Amino acid sequence: MAASTQLLLFFLHSLLLLLQRSHSKTFNTINPSLPLHDGDVLLSENKNFAFGFFSPGNSTRRFIGIWYHKVSEQTVFWVANRDRPINDTSGVLSINSHGHLVLSCCSNGSSPLWSTTMSTKNSGNATTSAQLQDTGNFILLEKNSNRVLWQSFDYLTDTMMPFMKLGLDRRTGMDRFLTSWKSKDDPAPGNFSYRINPMGFPQLFLYKSGVVPHWRAGPWTGLRWSGVPQMINPYIFNVSFVNDQEEVSILYGLRNESIISRMVLDPSGLIQRSTWHDKGGRWTQFWAAPMEQCDYYGDCGPNSNCNPYNTDQFACTCLPGFEPRSPADWFLRDGSGGCVRSPGASTCQSGEGFIKLARVKVPDTSQAQADMSMSLKECERECLKNCSCTAYTTADESRGGFGCLAWYDDLLDIRTFADVGQDLYIRVDAAVLARLTEKKGSHRKWSMGAIISAGVIVVLLLSIFLFIMKKRRGRRRLSAASSAAYFHDDESQSVQDLKDSGKSDLPFFDLSTIAAATNNFSFINKLGQGGFGSVYKGVLDNGKEIAVKRLSKSSGQGIEEFKTEVTLIARLQHRNLVKILGCCIQGEEKMLIYEYLPNKSLDSFLF
């Protein structure tokens with residue numbers, strides 16, 4: 001019975017709205033003699049945006065707001081009376097005798113549900129009018145001077161539109177930020193907010209319950225937010241970031257104004273960027289945060305790094321010179337307690353130095369200090385002189401990098417990215433510095449030896465190739481595929497044959513990728529050797545650890561036998577067998593790439 005009554009009320013409400021729309025009017029201006037009633041619509045000049053009364057989702061309550069006029073799915077991006085809805089269709093938006101916009105209802109003389117607060121005073125109570133601009137900005141104008149007295153772009157709701165500003169006006173104290181809806185049916189302020197925190201070195205935060213950090217985009221690096229590597233390719237946006245004595249803000253402009261794009265903070269606390277596709281009649285998301293466990297603020301606690309690419313290991317890793325605060329919790333994969341400096345470490349005028357942590361989102365900068373006049377080398381010297389300085393980096397990555405950003409306390413909310421990130425320099429004691437520097441120097445020495453050896457081999461192979469070419473002059477020309485085999489092109493004929501045969505679905509790796517992963521097949525990376533050749537440990541660019549079986553040229557195995565081995569192993573995938581990830585065939589090089597087994601060397605399985 002209750003369900004039937006609710007259905008009847010919804011039907012009557014819809015019918016009433018339909019009757020209203022049949023008598024509705026379309027405006028381009030609201031003035032003291034022309035108010036906006038429920039059912040009327042105010043349109044922007046380009047007719048891209050509409051302003052009026054609406055009911056969100058399955059709600060029957062009425063709100064006044066702005067939406068896309070040409071988008072088939074009604075998409076509201078600004079709401080005036082978020083937490084003071086109207087229960088019927090008696091709402092009226094008008095301009096009162098003081099020139100203010102006032103929302104009232106119910107014809108009972110009650111106080112307004114919503115009204116404008118002017119940041120600029122109306123000169124002598126001059127006549128005002130309201131318009132909807134082609135950007136979607138709803139403005140209140142002083143009619144004689146055309147001064148903007150109030151604008152909706154100063155009072156964001158859950159959506160950031162192109163040409164809106166997000167940030168703090170330091171002169172007036174006006175803070176422009178996003179607040180999620182409570183639900184898709186209720187635009188009242190929800191549990192999440194998205195704003196720039198001006199403390200220390202300003203950064204962008206997503207907060208839960210107003211004050212609890214949920215996700216951190218980090219500080220502006222001159223090219224992007226530190227925690228948003230995707231911004232390195234701006235795609236459809238022109239980005240303007242300002243941080244001076246007057247304001248700290250960011251504004252996104254569209255490169256192509258025919259594109260319809262928005263950024264929304266949804267009720268679940270997800271920031272989403274999307275574009276409208278007319279053909280599909282839907283919004284298509286192209287970026288969102290937080291998405292991974294390492295995105296959540298402080299997931300690994302202080303003085304640690306979260307690396308989501310450690311697929312076979314715990315994502316949390318203590319920074320160099322630190323160890324888990326609670327080894328028991330760490331063992332149980334709970335990194336929230338973070339890490340502390342190792343006992344006995346001395347990092348004050350005792351031969352200490354810095355170790356680079358590459359491709360990261362830099363730590364929380366709320367307490368960090370910046371000096372934009374310094375170079376990175378000067379930054380290192382200043383940090384080294386101050387025993388309280390725990391880390392430093394370049395403050396601005398643009399124009400080759402400049403400025404000094406330094407931390408003097410715990411380092412919180414660091415994470416690794418696969419391709420794009422900042423280099424962070426961590427203060428370590430002399431013992432850690434020596435150990436890690438020696439290891440790095442050893443790798444460099446072996447790498448240099450491998451490079452020299454490779455250079456000699458290349459010259460030798462080139463000489464042999466030229467000799468063969470001279471001998472075969474007058475015979476058929478070598479095919480492009482043969483040339484590729486000699487010069488190690490990305491797609492050798494052997495690889496193409498294997499692909500065309502349809503016998504293997506395994507990925508094919510470039511020789512350059514495998515060489516980089518194994519430090520040019522360094523002796524240090526060598527796990528073992530058998531009659532077929534050698535096995536090396538490597539790490540791919542995404543952090544994945546691999547074991548590489550490199551077939552010896554003297555093994556006697558030809559390309560056909562190798563193809564057969566690849567096909568057979570690919571078909572014999574089993575949980576008790578070492579997993580094969582792919583292969584590499586370039587010139588005379590033939591390699592199989594397996595997953596690396598951290599608890600036992602791969603040679604014990606292969607030999």
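Numbers here mean position along the shown chain, with the first residue as 1.
Every residue, even glycine, has its Cβ placed from backbone N, Cα and C.
What TrEMBL lists as signal peptide is 1-24.
Secondary structure by DSSP for the domain 'Bulb-type lectin' (27-153): 5 helix, 53 strand, 69 coil. What TrEMBL records for 27-153 is domain 'Bulb-type lectin'.
Tertiary neighbourhood of the domain 'EGF-like' (290-328): same-chain residues 206, 213-216, 227, 269-270, 334-342, 345, 347, 355, 357, 360, 410-416, 418, 426-429, 432, 436, 542-545, 595, 598, selected by CB-CB distance under 8 Å and a gap of 6+ residues from either end. Under the heading domain 'EGF-like', TrEMBL lists 290-328.
For 348-429, the entry in TrEMBL reads domain 'Apple'. Under DSSP, residues within the domain 'Apple' (348-429) fall into helix, strand and coil as 13 helix, 35 strand, 34 coil.
Among the features that TrEMBL reports, transmembrane segment is placed at 446-468.
For the domain 'Protein kinase' (521-607), the model's pLDDT averages out at 73. Summarising the annotation, TrEMBL assigns domain 'Protein kinase' to 521-607.
Feature annotation from TrEMBL assigns ATP binding site to Lys549.
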Using a 10 Å cut-off, grab the number of neighbouring Cβ atoms around the Cβ of Lys549 (ATP binding site), all chains included.
23
Per DSSP, what is the helix/strand/coil residue tally across the domain 'EGF-like' (290-328)?
5 helix, 11 strand, 23 coil
